[in-house]
Structures are given as structure tokens and as C-alpha cells.
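Heads up: the structure comes next, in C-alpha cells.
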Amino acid sequence: MVDDNRGRRIFGAHWAFAAFFAGVAGYHLVTLITTAAVTHPSGDDDPVELLAGPGLLLSFVPNLVLGLSPVLGSVRFGFGLDRDFGLRPHWRDVRIGLACGALALVVGYLLNLGVLAVYGGDDVSDSPLTDLPDVSDGSSRWLAAAAAVLVIAVPITEELLVRGALWNGLAHHRVPPWVVLALTAFVFALIHGESTRVIALFGQGLVLGLARYRSGRTAASVIAHATNNLPPAVLLFTGH
């Protein structure tokens, strides 16, 4: 990825900042819209029935919106996705991404064990992915589609937002690299909206950020993120 700081500014800040905040705002807006859409129509208070079948994929739409503004911002104000973010993977990105993805799994597992030891299982909520097999309408094809989104689309959109747009904006304004790494990991943990998993998500975010830092390209963190999401995606088919 070419480190070129001549990108346009919006309200005095690098365009990547505007793309980041637009992505977060769009995420919350679409979350409200989709939540209203699946819970309101028939007055049925049971969201499981409403999410069956194609509605299962609707639950991922807000997450996909996260990556939309970085893409649009790069096309409109930047130099294109590969030059701005290094989104096209090289072999070095693959090697770094796979290694960091495996490390992120270990870090997340150990930190979750620590949280369970401190708070106990009753006070720690399950991941939202736990409920996906129950809302798949009994069809493996919907679970397969959800798994594909989890492994392919979600890593791309989240990494474009956090370790793409936010990272570039901070780096452009000469924020120290270690602060960029820590801050993007913290934001990564917060956007998941799972208070009991913040510590584990922060730790995993640091490792995913390490992939971005070591390679200088978002492609490496996308691959690391996809590697980290692969086991949970496989577990969707087991119902656990």
C-alpha cells in the first residue's frame, strides 16, 4: 500500500475520519431500521420466527454497512481501495494474516477463560452467533450463507472501517503507531456491542491490528480476521 497523505480533507480532517464516522452512524441507523422491520409487522413479539430463512441474512446487513463508507470515500476522495487500504492480498499478507488469525483465536480463548473464571458462566452472555442455528429455519443452506458472510464479508467490512479508514485517519494526523494499534483495537471491541466480551475482543483486536501493522496493508488484517472467524462459522453447523 502506498502511504500517500495527499488525500482530501472534510471539515479539516482527513476524509478517512469522515468515512469512519459515517460507517458507524450508518450501522446504527440500519440496525434500527432492520430491528423495526423484523419485529413490527404482525405484532408478533417472537423475533425467532421473524428471522427464519432469508431474514437470517438480514441480521448481517448493519454489519455490512460498516464497510460501505470507506469504499465510497476511497473512490470519491482517495486513490482507490488498493492504494488507500492495501486491500488486494499479497503472499506476505496471507502469511502474516494466517499467523495473526491463529494467534487471535488463542488470545480470545484465554481471555474468555479468564473472564469466565472471574465472573462465572451465569454472568457472561453467549455470543450472538449462538442463536443463529435456531433462526435458520432448519435449513443448512441459510447457515452456509451466514457462515460465508461471517468468514468473507464481515472481516472485509469491519477491517475497512477500523483498520482501514480509522487507522489511516489517525496515521495521517501523526498519531503514534502504538496508540493507533490500541485505539483501533478498543473501537473494534466496542462496535461489537457485547459488554462481557470486550476484554477478549480488545485482545483479539490488538492481534488483528498487529497484522495490519506488520504488513502495512489492510489485506493482512482481513485475512487474520477471517481466520479468527472460521471456527465460529464452522460451529454454526453443530448448533453450539
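Using the three backbone atoms N, Cα and C, a Cβ is placed for every residue, glycine included.
Predicted automatically and left uncurated, TrEMBL annotations should be read as such.
Not measured: the values here are computed from a predicted model.
As annotated by TrEMBL, transmembrane segment applies to 12-38 (among others).
The annotation transmembrane segment is assigned in TrEMBL to 50-75 (among others).
According to TrEMBL, the feature transmembrane segment maps to 96-121 (among others).
Below 8 angstroms of C-beta separation, residues 19-20, 23-24, 53-54, 56-57, 60, 63-71, 85, 87, 129, 132-133, 184, 187-188, 191, 205, 208, 212, 218, 221-223, 225-226, 229-230, 232-234, 236-237 of the same chain, each at least six residues beyond the ends of the transmembrane segment (141-162), sit close to that stretch. Summarising the annotation, TrEMBL assigns transmembrane segment to 141-162 (among others).
According to TrEMBL, the feature domain 'CAAX prenyl protease 2/Lysostaphin resistance protein A-like' maps to 142-230. Across the domain 'CAAX prenyl protease 2/Lysostaphin resistance protein A-like' (142-230), DSSP assigns 80 helix, 0 strand, 9 coil.
Summarising the annotation, TrEMBL assigns transmembrane segment to 174-191 (among others). Away from its own ends, the transmembrane segment (174-191) comes close to residues 24, 27, 66, 158, 161-163, 166-167, 197-199, 201-206, 208-210, 212-213 of its chain (Cβ-Cβ under 8 Å, at least six residues beyond either end).
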